[in-house]
Each structure stands twice: as structure tokens, then as C-alpha cells.
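Below is one structure, written out as C-alpha cells, with a few remarks after it.
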Amino acid sequence: VGNYKRTVKRIDDGHRLCNDLMNCIHERARIEKVYAQQLTEWAKRWKQLVEKGPQYGTVERAWCAFMSEAEKVSELHLEVKGSLMNEDFEKIKNWQKEAFHKQMMGGFKETKEAEDGFRKAQKPWAKKLKEVEAAKKAYHAACKEEKLAISRETNSKADPALNPEQLKKLQDKVERSKQDVLKTKEKYEKSLKELDNATPQYMENMEQVFEQCQQFEEKRLRFFREVLLEVQKHLDLSNVASYKNIYRELEQNIKTADAVEDLRWFRANQGPGMSMNWPQFEEWSADLNRTLSRREKKKASDGVTLTGINQTGDQVSQPNKHSSSLSVQSNTVQSVQSSYNPFEDEEDTGSTVSEKEDNKIKNVSSYEKNQSYPTDWSDEESNNPFSSTDANGDTNPFDEDTSPAMEVRVRALYDYEGQEQDELSFKAGDELTKMENEDEQGWCKGRLDNGQVGLYPANYVEPIQ
């Protein structure tokens with residue numbers, strides 16, 4: 001009696017399993033989203049590094065094809081995430097809402113119906129079973145009393161001090177006990193027979209309710225199988241034609257890399273085949289002979305306030321091969337892109353991959369394919385302290401621009417990549433030591449933790465409290 005509760009509990013378990021399956025799909029969708037973001041950020045970062053690096057020609061295009069592959073695969077995984085959440089997740093949610101109906105007092109309507117059905121079917125049989133248990137108890141008590149009476153009668157016969165009247169009472173007690181045993185046994189057998197007669201109908205009624213529960217559970221099991229097959233189709237990219245085309249195209253791009261073609265291009269553009277700028281007679285001009293210092297070059301950006309920027313790199317103009325005009329470097333800034341949240345009902349608190357990985361990858365190469373080389377040269381010793389205005393400034397105690405200051409620890413607010421050899425490069429979040437205060441052009445002198453000393457923009461850092 002009451003063992004039907006296991007079947008009733010299975011209904012509540014079905015509702016909980018729907019929640020578990022939705023959570024399972026939701027977590028997989030998050031994984032797909034994070035992986036897609038990682039691929040996009042990886043492709044973006046490495047595409048910039050390869051384009052700025054020393055690699056060139058067809059091999060460069062083959063290398064960049066991997067970044068294009070990552071961007072396309074990222075789009076496919078975002079589509080997988082969308083399918084999991086918009087189709088599979090919503091399908092389970094809607095089915096659960098239609099299959100399970102909550103009651104005002106708690107619990108589900110389906111659970112209560114099954115509970116009532118089993119209890120109603122079992123009630124008559126349980127009542128007869130209770131009567132059988134009572135009859136059995138009475139019969140066993142009568143048997144125990146009979147045995148005790150017989151034992152007392154036997155012991156009294158061996159006792160000479162017992163008078164005949166007392167012996168007669170013990171014998172009567174034995175006789176009554178035997179009659180009680182017969183009566184209780186008859187009642188016990190009768191109730192047991194009635195229970196046996198009621199058992200077939202009881203089993204039929206209970207099985208009818210059980211089959212209803214089985215049908216309800218069958219619907220859930222079949223629905224789960226259907227949903228899992230749909231999830232499998234959404235996750236299986238091997239059957240997606242565009243997925244196969246991505247790697248077919250990647251293989252073709254790699255095979256188009258031609259070493260001979262790249263060597264020919266380098267010879268024509270960077271080697272003996274490039275157009276020459278042979279020295280020619282030039283008239284004196286005040287503008288052409290005016291030498292701009294490094295800090296005067298930077299002065300053009302004094303009126304610009306940099307807020308919320310991320311320094312990602314620089315685009316350096318190629319030196320003019322046919323004139324001696326000055327080549328000025330230009331900086332490009334890129335606004336920080338905040339990662340979006342694909343789920344309206346959740347908050348992503350984890351940092352993006354780029355914020356973690358950017359601290360690991362500083363520079364791939366100190367050489368840049370677009371790097372401009374100075375056209376001035378000198379046969380003087382490079383370590384002459386009087387030939388460099390910077391060196392002279394560092395050692396001259398009367399130079400106002402280099403007045404000494406106490407060293408202060410500062411933290412970088414943005415990424416910065418040094419434009420010249422005497423400038424520092426760092427990433428947002430890096431710590432360094434400020435050695436000199438800001439000059440008129442907005443530059444400070446500092447030292448990185450690796451010992452490198454150089455200049456950096458003052459408004460790119462903040463003091464560490």
C-alpha cells in the first residue's frame with residue numbers, strides 16, 4: 001500500500017528533467033558563443049600582427065586565410081548558439097508549460113490526478129487488507145493464549161497442593177482458549193478469502209491508472225528523443241555545406257602560396273629592382289632644411305583629448321622614393337568594442353579573451369613591413385654624448401625639460417606602441433615607473449619592469465594609489 005508514490009513522483013521528476021535539459025542546452029549555447037568570440041578576437045588580433053609584420057606576398061595571403069577561416073567558423077558557431085536557444089531551448093520550455101499545469105496550492109495538476117487515481121483504486125483493497133491484518137493479529141493472540149492455558153494445566157497436574165476446583169478452572173480455560181482459536185482462525189481465513197477475491201479487480205484498477213502515467217511519461221521520453229536529435233543536427237557542422245567550403249577554400253588559398261612569386265615581388269619592390277632615388281642637385285630651401293625634432297612631430301596632436309581609446313598599432317607611410325620630403329608617422333586609434341550579451345536573461349561577468357590574451361602577446365616582431373628608415377646617415381660615433389639632443393638633455397642639470405622628479409609607480413590606461421626607438425611600448429593595465437614629470441609637449445620619461453627606459457604620453461597612464 002502506497003508504493004504507487006514512486007510512479008507519481010516520476011511526474012514531478014519529468015518536470016525537473018525538462019529544466020535540466022534546458023540548462024544543459026543553455027550552457028552549451030554559452031560555450032558556442034564564447035568560442036565564437038574567441039575566434040573573432042584571435043582572427044582580428046593576428047590579422048593586424050601579420051599585416052604589420054615582415055611577411056609579404058602570397059604566403060602572407062595564405063597566412064591571413066586562417067584568420068578568414070576563423071571569422072567564418074565563428075559565424076557558424078554563433079548560428080549554432082542561436083539555434084540552440086531560439087529553437088531547442090524554447091521548444092522544451094513551451095512543451096513543459098503545456099504538459100505540466102501548476103495548481104494554486106502548489107504541485108502539478110497531473111501529479112494530483114495520478115495520486116487520486118491510485119488512492120481511489122487502492123482504497124477498497126487496502127480496507128480489506130487492514131481487516132485481514134486485524135484478524136491475523138487476533139488469531140495469533142488466541143493461539144498464544146491457548147498455549148499458555150495448556151501449559152498452566154499441565155503444571156497444575158504435577159502440583160499436589162492444588163485442589164480439584166482450581167484444576168477444573170484451568171481445564172475450562174483451556175477449553176475456552178481452543179474455541180477462541182477456532183473462531184479467530186475462521187474469521188482470519190474468511191477475511192483473507194475476501195481479500196483474495198478483491199485482488200483481481202484491485203489490480204485491474206491500479207493498472208489502469210498506471211497505464212495513464214505510462215502514457216504521460218512516454219510522451220515526455222519521445223519528446224526528449226526528438227529534441228536531442230534536433231540538437232545533434234544543430235551541433236553537427238560536418239553536414240553543413242558552407243562549413244566544408246570554408247576548409248576547401250582555406251586549402252586553395254594555402255596552395256596558391258608561391259615562393260618564386262614572392263621572391264620576384266621582393267626583388268622588384270625592396271631589392272635591386274626597386275626604383276632608385278639617386279642624389280641630385282637641390283637648391284637651398286628653408287622648409288626643406290628645417291629639421292623637425294621628435295617632440296615637434298608629436299605637437300600636432302596636443303589639441304586632441306584621448307578618451308576611452310585602445311591603441312592598436314600605427315600605420316607608417318612609405319618613404320617617398322622620388323623626393324627628399326619628410327615622412328611623418330601617423331597613429332591610428334580604435335575604440336574599445338564591448339562584448340554583447342546574446343542572452344537577454346543572463347549577465348556575462350567574465351572578461352573577454354582579448355583582455356586576457358593581450359597581456360601575453362606583446363609584439364610578434366620589432367620589424368614592420370611599412371617601417372620608414374631614416375635617410376640621414378653619419379660616420380660619427382653613435383655614442384657621442386654631444387651629438388644627441390636627448391642625451392644632452394638627460395645629462396644637462398640646467399635643462400628645464402628634464403628637471404628631476406621622484407620616481408612614481410603608474411598604471412597604463414590604454415595600449416601604446418612606441419613610434420621611435422626612445423619610446424616605450426606597453427599594454428593597458430601594465431605598470432611602470434615614472435622617472436620624470438610631464439614636459440611641455442605632454443611626454444614623460446619612465447622605466448618598464450624589464451629595465452627599458454624611454455618616453456611615453458603622459459595622458460596614457462594614471463598614478464597607482
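Just so it is clear, glycine is given a Cβ too, placed from its N, Cα and C backbone atoms.
Checked against TrEMBL, the range among 103-134, 167-198 recorded as coiled coil is 167-198. Nonlocal intrachain contacts for the coiled coil (167-198), taken as residues 6+ away from its ends with a CB within less than 8 angstroms of a stretch CB, comprise 124-125, 128-129, 131-132, 134-136, 138-139, 141-143, 145-146, 148-150, 152-153, 156-157. Looking just at the domain 'F-BAR' (1-262), the mean pLDDT is 92.
For the domain 'SH3' (405-465), the number of residues in each DSSP class (helix H, G, I; strand E, B; coil) is 3 helix, 31 strand, 27 coil.
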